[in-house]
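Here Swiss-Prot flags 1-22 as signal peptide, drawing on sequence analysis. If you look up Swiss-Prot, you'll see 125-153, 130-137 marked as disulfide bond, on the strength of sequence analysis. Per Swiss-Prot, the feature region 'Disordered' maps to 171-195. Annotation source Swiss-Prot lists compositional bias 'Basic residues' at 185-195.
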């Protein structure tokens, strides 16, 4: 009897998360391809069954922030091959009134040659800059406990990711210096397992 009540309560709570997100002013996640060749994206909520997006050079994929059904974050998996292997992940989680974001290279870093950057539309929020030619970006997750790589901004802030931001066949892009953020204000990685 108690388990049925708990299941009903959790189901109702899970249904409220997307509704709560719809009620506020939410920003947009944008991923721009500056690599000079096609790149492949998968915007993942609950499962890896989402459709592959082929992003041609110069194109941008945009999506308004959303949540998965358990209230967790979204992972936009980014690759240079359509086989869903060797991926970088742009991850965001809306937790009113903020959006938390990071770049994860735990499952590969196919953009090491050209680099990756994340520039929030709110200039007071920290940028993430992984310069081209660097095999391990210190501003990204390279190990599961690299929590220094998670940043937060107001939830209405757009997050602009540029793939091959530091080069590629499309040439170098303007690089921005990231704003330093106090370590005490950083949350744990939004997709991390509990300790």
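The backbone N, Cα and C atoms fix where each Cβ goes, glycine too.
Sorting the disulfide-bonded residues 125, 130, 137, 153 by the number of other Cβ atoms within 10 Å puts 130 first. When the alpha carbons of residue 130 (disulfide bond) and residue 153 (disulfide bond) are compared, the span between them is 19 angstrom. Between the CA atoms of residue 137 (disulfide bond) and residue 125 (disulfide bond) there is a gap of 19 Å. Under DSSP, residue 125 (disulfide bond) is assigned to coil, being neither helix nor strand in the three-state scheme. DSSP assigns residue 130 (disulfide bond) to a strand. Residue 137 (disulfide bond) falls outside any helix or strand according to DSSP and counts as coil.
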